[in-house]
Every structure is written in structure tokens, then in C-alpha cells.
Amino acid sequence: MLSIAHKIFGSANSRIIKSFYKVVQHINAIEHEFQLLSNEALKNKTIEFKEELKNGKTLDDILVPAFAVVREASKRVLNMRHFDVQLIGGMVLHKGMISEMKTGEGKTLVATLAAYLNALEGKGVHIVTVNDYLAKRDAEWMGELYDALGITVGCILTDTNDLERKNAYQCDILYSTNNNLGFDYLRDNMKFSRSEMVQRGFNYAIVDEVDSILIDEARTPLIISGQVDQDIKMYKKIDNLIYELVEEDYELEEKSKNIFLTEAGTTKIENLLTKHNLIPSNTSLYDIDNIIIMHYIIQALRAHKIFALDKDYIIKNGNIVIIDEFTGRMMDGRRYSDGLHQALEAKEKLNINSENQTLASTTFQNYFRMYTKLSGMTGTAATESEEFLGIYNLQVVQIPTNIPVQRIDLNDDIYCTEEEKFSAVIKFISECHQKLQPVLVGTVSIEKSEMLSKLLTQNKLKHSVLNARYHEQEAYIIAQAGIPGTITIATNMAGRGTDIQLGGNLKMLAKTALANTTDKEAIEIKYKQLSEKVKKDKEIAIQAGGLCVIGTERHESRRIDNQLRGRSGRQGDPGLSKFFLSLEDDLLRIFGSDKIKGVLKKLGMKKDEAIQHTWISRSIEKAQHKVESRNYDIRKSLLKFDNVINEQRKVVFDQRNRILDNDSYDISIIYRDLNSEIVNSIIHDKYYNLDDETYKILSSEFTRIYALTLDYSIISELESKEKVIEYLNKIVDEHFTQKIEEFKSRDQKLWDYAVKKVMIMSLDYLWRDHLAALDSLKCGINLRSIAQKDPLNEFKAEAFSMLENMMNKFYELITQRLSHLRFDIELSETQIPEYNINHTKISRNEKCPCGSGKKFKHCHGM
């Protein structure tokens, strides 16, 4: 029934493309008009468009001439003319959708259309990339085009200082990474004045490689953290005991990456702990005093039995560096939480760093949903269209290729063992190499890429390795992977954002070859020679069959496999793709059904013999689909919990911004209300019969909160609790009135600054502890389901109650801190120094990332 409807009405995707093609015809119709304009007249069109918007026109009203202007400027400045399909891609982005365009279709150029149009409003456009290299490259490359149209362009990299960041955010168009934008948001909400903040709002974002940022990294929170006091020696002590455990002592769940002690394992570890005096004799591991030890044990087990060196992490300069499971890139500055990172450091016999406490956090899911309009680009989004729509309200539109794809996708070859599989891969690579066909081999981990590299070396096949260890050479290596006879090994999809051009990348080859040449004539001659060579090499590569892409394992996500395939066959070039699998591969071993294995046995698999069957390929894709659905459910569930935290984050940040925006607080009004509540609370809690002991408690509380000493002789004569409350309210009011007047009379501005700073620091201090409490609550909340309770509803209720308590403590804390404030303490504002913006972890003696200039332990680490 559905297929009949598609035939009659067309799919939703085809209807969108059809409607945009009509607009393309209008753009093409006026192209000649803009060809006649001078460069200056073309630039002045930007001013005209801005005036039209001021006079009531919308962006949609000026889309046709604006796109025509960008296309004409691109021809003149970049020598590139937007194809019709690229114009459609630009319209998709402008409409707040995801533009799925195959590799080599020019996504970088497509973004200029929507970016220019939306920049005309003057509210800022953010173009988001996955790394600093791409942000810098695209800002410089496309910056020439924007400059020709009078549009300002900024770029923020990891090492950009605060002043440069602020200036970059004021530009019409900003290029940066998702990490830089997210951390700037968190840091801005740790600043002590609006003038120190760098961001200016969330208008429109175009996210390049949108699937990588909004899906692959969706579960990775952005965290600014500080060190906490901790017994780090315990990690080493527990690590030494893990070697005593055997397989029967624990249960491993590879799908969920969880591990549990068996009954035998619990008994063995308890005996070992007692023997090494780590727990008292005759106590259980599950006794309340020993629960923390269990935490150390589980994390040590995970470090040893689940997380693998050169797959999940590498060691660089004596530190554990996490490897992104989707891109194979190093995630510098990121640390595993909850003690896992320390357990890995203990396992690898490295220096153990203290665990961290969260100072500020958010997720990419919630960060990017703050933008008024959001769009994205990628070569592979259709398989995740449900998630994009469900979480981000983003529709995926598949853009037709400019020239039909010529790539041939061969069936998978399946072998019994990994050894047989890699033997077949080497043989296939050798055959391609003999006819000078360029080969790109995709692996799932650094370990596998280096194993394959050794095999190629043994077979005397020259090759390049592209993985997290050699990140700096990534762009150059991947750009030259199309040269005839070249063999390139790439971990997953490292090198995304750089096209593989058959014959080689002329621009990059020239940059390297001419780096030390200054003579203009020599440069021209050499460039011409290189151009001819690239042209000939391209023809040789085409005759050999184009780029051959080999996958050595199926990934959990079909999208990652499609990304690898998509490197071949760009812009109508010929190409080939093929996957080699084995029954020992993680996907088939963990997620593959027994049915697949049963069929393979019936087919009679022999040593070094491959089996090809469309049913098996479909079954593997079904297994991948199951994993994708499971991962989506996990992300969706995590988002529901994070939405609760995000709503609280908005409340606290809004309160913080209102404090920052108010230069003069009439704190006396707040005090009168607060003091009445605090006095009532103290009396209710501490006042029973006013004997000596009760008086001491009461006096201690008043000294702690108000810095006041109570007169026992006066209080002892009061007849009732009400009279005591009345008297205490009176002396507190008098105390505050006198204090406020004294400060104001000496320096009103300094007093206002002191009040604001005390309020901000108090809120930040409590919010930090509140985040830690929410993390603890979230960790154990799923156990409520055992009692037939909905964990999410339980989390919402308790989190709300915790927030109420936090805000009550906030008012008490500012009362206490202002009560103890003395005028002789220096309260002058400090200059805001530059600080390393790559900090996601702060030691207690480092400068606080809020920009106060103080050490962390004296500021947000108090």
C-alpha cells in the first residue's frame, strides 16, 4: 500500500527536492544579471539585502538573489560555481533541516549559501566542525568569498584567547568546533561580569558532520571539573588484587560493558582484602563501611577486562588518552569519570591523578537545542533519521548527486577466523596494487590497523597508516590516498572532511613541494609540472578502477560502514567497495544471532574459504539495526534524565545572569525576609527550654550565620518563644542596617560589587555541590524500578526537592557571607587574565577557569 502511494505521490524527500528545483530555476534565470555586475556592485548587494530586511522583507523573500550573489562571488573568488544540487543543499540548510550529501559533493561550499543568507540579519551564524584543522581551513578558504561580499568571518580554535574569542563571536559568521562552543558556554556561566563573557547568543548553527556531533558524541557530556581530595593509593592496592581473579570470579556483559563479581569472586576478593588489611576481618564487602571498596573493585575489573589499550585508549606522554570509538581520533583533555580513568592509570602503572568534581556541565544534545535555528550536513544521516527528528526536530533530506555514483559495492566475504580474513585482505590488496589501483583500508581500532600494517610490511607492500597516533598528518595522508598504487590504512573514518581525489590533491601536493621555493617563475613551472602529473595519475587511477575501499570489520552502526564506502566514487568517479568479515569479529560474536552461525555451518565453511550470501549480508545489517535501535533507546533515556538537569541548569543560569545584570542590589529587602525565615528555623530546631546547653547551641548558630554574640542575660528574661523570635529579629535587623549603612557611607560602589560577588560565588558553590548530588542520584535511580517505581519520575521529584533545598541554602549562605564581611578586606575587581581554554580539569592550585584570576581553591574550588 505504501509503495503504491510512493509511486503516485512520490516520497516526502522527492517532493521537497522537487519544490526546491523550482527555486533553483529562478536562481539560474537571474544568473546572467549578476555576471554583469562589477566586484564593488556585487559587494554592495549585501548592503541592499540588509536594507530590504529592515524594511520588512524576510530571508525567504531575498533567498533567490542572495544565492545568486554567493554563486557569482564564488566563481570569481574561488573559481567554483555552485551546482544546482548544491543550491538545493543550501536551501535545505536554510530551512533548518539536515542535508545528506555524498562525499565529494562540496558540503563546505554548500554551507556558504545558507550562512551568507542568515548572516544578513546580523545575529550571527555558527558553522560547527569536528576539529580545529577543519575550522581553520574552512574559515580561511571560504573567508575569501565572504570578504568579497562584505561579511566578517571569525574562527575560534582551542588555543584562542578570551579577547580573540569575544571578537570572533561578534563576526557575522563564526567557524569553530562543537567542543569550543560548548565549553565557552559553560565558562561564560562561571564569569563574574557580563563584560567578561564571550558568546552573544544562539541564533543559527550549521553543524558539519552532524551525525558525528549530534549522535556519536551525544552521550559524551561536556564537563569542566576540579580535583577533589581522594585516596588514590587505593587504586593501586586494588589493581594488584585483580590479577588474582580468574574467569569464574566475574560475569562479563560485553553488550552493555558491565561486569559483576560472582559469589565465588566475592568470597575470594573479601579474603584478599582482609589479608591485605584493606577491610576488617569478619566483615562483608557489602557492609556499609566497605561499599566504597566495591566501587574500586568494579572499576578495576572494567579497566582490565573491558577496556583495551590501542582500542579504547592509548598512552601518550605518560597519560591515558581516550580514543573516539567512532572516528578513531584522540580525545585530548577528556577523562573517564567515576574512577575509571584512575583504574586505567593503575592498570598501566602510570601516575594516578585525582578524581574530579563537576563544576559545570552540559551535553551537545541540550547545547545545540538552544539555537533558534539548527541545521546540519553529512554524507550519512538517513539511517539515523528517526533520532534526528525525535530529539532535534531535524528532518533529513537526501540530496541527489551532481553526477550519478559509479561505485560498485561487492558482497561481503565471510571467513571462519580473523587470521583467514586478514590473509584474504592482504591478497586482495596485493591484486589491486599490481594494477596500480589506489586502496583505502578501514579498521575499527588502532590495534587492528597496526596488525594489518605489520602484515603489509611482511608482504613488502608500502603503505601509510592513519590513526589516532598520527593525527597531525591526517589531512595530508587522506588527501593523497587517491594516487595510483597508494595503500592507506585508516582507523574508522579518520580524515573526514578531506576529499580523496583520484590522482592526488594538487593543492596539498603543491604546498608541500613548493614550501621552500621563493622564485615566482620556478613556482609556476613546478606547479604546471605537478598539475600535469596529477592529471596523468588521475587517468591511471580511473583505468585501474578508481579508489578501492576495503572494510575489515562491520561496525555496530551501518552509518559508519556507509561513511567508509562513501570515500570512493566521488563526483562520478569509478570505484569499488568490499567488506571482509570473520565469525570472530565483535559484531558477529556479540550481536550476531545463532541463526547466522547455524546457516554458515550448514553451508560448510572450510579453512581459507569465504562464503558470500545476500541473506547473510541482510542478517548482519539486521544485527546492526538492532544495535542502533538499542543505542538510540539509551541516548533517548539519558536525554530524558538530562532534560531534568537542563531545566534546573536554565533556572540557575537565569538567576545568575539576573544577578550579573543588576549593578545595585537593595540587599536590605532580601535580608528582612531571609532573616525572619532563618531566625524562625533556628528557634524551631534549637529552642526547647532555654537552659545553658540550649543557649550555647543558639549562640553558636548566630555566631556562625550572623557573626553576632547573644547576651544570655537578656534572652533568659524573655517569657516565650515568640518573644525570643521577636528580639532576635530585632537585633539581626539592627545589625544588618548598621553594616549596610557603614559600607555604603564609605564606598557604595564597592559594597554593590561585594554583594554581587558574594551572591555569584555562593550560587556557584552550591550549584557545584548540587551537580555532584544529582550525579549520585542518577547513578542509583534505576534500582527504584525493583520497587515498581518509575526511575524517571522518581528522579524528577527528588531533583526538584534538591533544587528547592539548594535555593534555600543559597539565601542562607549569602546572609552568612555578607554578615562576616569586613571592610578592611580588599574587594577590588581583578584584571581578567588569559587562561588555557583547553582546561576541562583544574587542579586546586591552578587559576580558576571563571577568569577571576584567583587560584581554583580560593574561588570555585572553595
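Each Cβ is built from the backbone N, Cα and C atoms, and glycine gets one as well.
Pulled from Swiss-Prot:
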- GLN86, GLY104, GLU105, GLY106, LYS107, THR108, ASP499: ATP binding site (BINDING)
- CYS848, CYS850, CYS859, HIS860: Zn(2+) binding site (BINDING)
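GLY104 (ATP binding site) falls within neither a helix nor a strand when secondary structure is assigned with DSSP, and so counts as coil.
For GLY104 (ATP binding site), applying a Cβ distance below 8 Å and a minimum sequence separation of six or more within one chain yields ASP499, ARG570, GLN571, ASP573. Ranking the binding-site residues GLU105, ASP499 by the number of CB atoms within 10 A of their own CB puts GLU105 at the top. Taking all protein chains in view, 27 other C-beta atoms sit within 10 angstroms of the C-beta of GLN86 (ATP binding site). Between the farthest pair of Cα atoms in the ATP binding residues (GLN86, GLY104, GLU105, GLY106, LYS107, THR108, ASP499), the distance is 16 Å.
Counting every protein chain shown, the number of other Cβ atoms lying within 10 Å of the Cβ of GLY106 (ATP binding site) is 19.
Residues near LYS107 (ATP binding site) in space but far in sequence (CB under 8 A, at least 6 apart, same chain), listed by position: GLY89, SER99, MET101, ASP208, MET377, THR378, GLY379. In sequence order, MET101, THR103, LEU109, VAL110 are the same-chain residues whose CB sits within 8 A of the CB centroid of GLN86, GLY104, GLU105, GLY106, LYS107, THR108, ASP499, the residues recorded for ATP being left out.
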